[in-house]
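According to TrEMBL, the protein has these features:
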ACT_SITE  21  active site, nucleophile
BINDING   255, 403, 459, 462  [4Fe-4S] cluster binding site
BINDING   304, 366, 367  Mg(2+) binding site
DOMAIN    21-238  domain 'Glutamine amidotransferase type-2'
């Protein structure tokens with residue numbers, strides 16, 4: 001079975017094509033498709049425009065479904081009953097500059113049969129690899145990085161599948177967590193710097209891999225461990241797991257922005273509970289930028305600002321209040337595909353709780369400022385509700401540089417903190433004061449130590465411009 005929905009072309013003001021996504025895979029489970037779809041549902045926050053799933057049965061029947069809606073939409077469709085098998089990989093995605101939101105996993109026909117690949121991250125050398133493959137006669141059906149990996153595997157002359165995978169992955173640069181499957185074999189691999197997350201679990205004796213532990217929880221899988229940077233895991237039909245490290249090691253550089261925004265707060269990422277990390281960030285922010293004496297309450301921008309605001313309120317001793325109510329039937333505006341869509345999302349998503357805000361002085365806590373459009377409209381809502389003063393506190397440092405590793409940030413010239421001084425930003429947002437957590441404060445909150453400025457413990461390129469595995473190649 002194959003079903004692909006037509007997806008409208010959407011554009012964003014970015015300098016390059018990349019994606020923020022989530023992946024899930026399961027091997028040797030009698031209800032693999034359902035488990036995979038449930039896992040993708042738990043990862044929906046990582047991509048809301050399209051999802052896809054591939055399954056393989058013991059007799060080699062390969063089924064694929066791609067859709068441009070939320071994952072839960074498939075459960076009532078007849079196509080769900082046709083997704084049979086004991087092996088499955090899946091993917092959630094949103095689109096970026098100039099690209100159609102083509103759903104993954106991509107499926108490639110090769111000498112090993114059908115190969116399905118799902119990818120979270122971004123390849124910084126995808127353009128040159130694509131040109132090389134085209135010169136060799138390869139035809140591309142999309143502009144997503146994942147298809148480059150598929151062609152590299154398919155064109156390798158080796159008769160061993162894994163011997164084709166290893167040199168293919170060895171050619172790519174950037175950040176990636178990959179899951180891929182043939183009719184019989186499941187493979188998971190994480191880039192050598194460990195920038196993007198990937199975890200391993202078990203359920204009913206079957207192995208599971210996913211971008212976050214929250215996807216393990218929903219399928220009642222037990223967390224085993226993180227897939228390590230540079231690790232390649234192979235699981236066969238006999239449920240034998242083989243782990244190797246075939247790639248040159250790099251300094252570990254996990255993305256610190258996962259703790260600030262992208263990971264779900266109930267996930268544990270690289271052995272750090274995200275919820276606790278965000279509360280710690282808020283507490284450190286309160287130490288660095290305490291509230292003025294006349295502040296009545298700490299108000300989060302929901303939902304991503306809530307844990308940091310809780311930490312800020314507890315540390316500062318100022319009451320925490322839900323001064324903004326969110327409509328949870330609207331997606332996250334940071335990953336909406338157009339500026340118009342983001343503006344409409346803000347209007348539909350937030351409402352000021354005027355009964356507790358009128359005449360009050362508040363600290364407003366949010367996780368980040370990228371374009372500034374969302375916050376400006378939120379602050380306008382608070383002013384209209386009668387809020388007297390608004391002191392803005394941001395639980396990340398200023399975003400000054402573009403991300404080339406799979407997070408949708410605009411090109412540097414469109415990052416508002418890169419264009420404006422702190423006072424200009426304060427004026428633009430129409431708040432009474434503004435403060436960001438420092439880069440050292442962020443590190444103290446997440447790992448208990450200041451940033452090692454000569455060899456940072458995490459990838460923090462969006463704040464510092466230090467790219468651990470290089471920038472996007474220039475054409």
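Any Cβ shown, glycine's included, is placed from N, Cα and C.
Each of the recorded positions 21, 255, 403, 459, 462 was scored by the other Cβ atoms within 10 Å of its Cβ; the lowest score goes to 403. Counting only the Cα atoms, the space from residue 304 (Mg(2+) binding site) to residue 403 ([4Fe-4S] cluster binding site) is about 20 angstrom. The separation of the residue listed as 'active site, nucleophile' from residue 459 ([4Fe-4S] cluster binding site), Cα to Cα, is 18 Å. Using the Cβ center of 304, 366, 367 for Mg(2+), the list of other same-chain residues with Cβ within 8 Å runs, in sequence order, 260, 261, 300, 301, 305, 308, 365, 368, 394, 395. Counting every protein chain shown, the Cβ of residue 304 (Mg(2+) binding site) has 21 other Cβ atoms within 10 Å. If you draw a 10 Å sphere around the CB of residue 366 (Mg(2+) binding site), it holds 23 other CB atoms from the protein chains shown. Other than the site residues 255, 403, 459, 462, same-chain residues with C-beta atoms no more than 8 angstroms from the centre of those residues' C-beta atoms, the [4Fe-4S] cluster site, are 195, 256, 257, 405, 407, 460, 461. Checked against residue 403 ([4Fe-4S] cluster binding site), the recorded positions 21, 366, 367 differ in C-alpha distance, with 21 being the nearest.
Geometry remark: residue 462 ([4Fe-4S] cluster binding site) versus residue 21 (active site, nucleophile), CA distance 18 Å. A Cα-Cα distance of 19 Å separates residue 255 ([4Fe-4S] cluster binding site) from residue 366 (Mg(2+) binding site). All chains included, 25 other C-beta atoms sit within 10 angstroms of the C-beta of residue 367 (Mg(2+) binding site). For the pair the residue listed as 'active site, nucleophile' and residue 367 (Mg(2+) binding site), the C-alpha distance works out to 20 angstrom.
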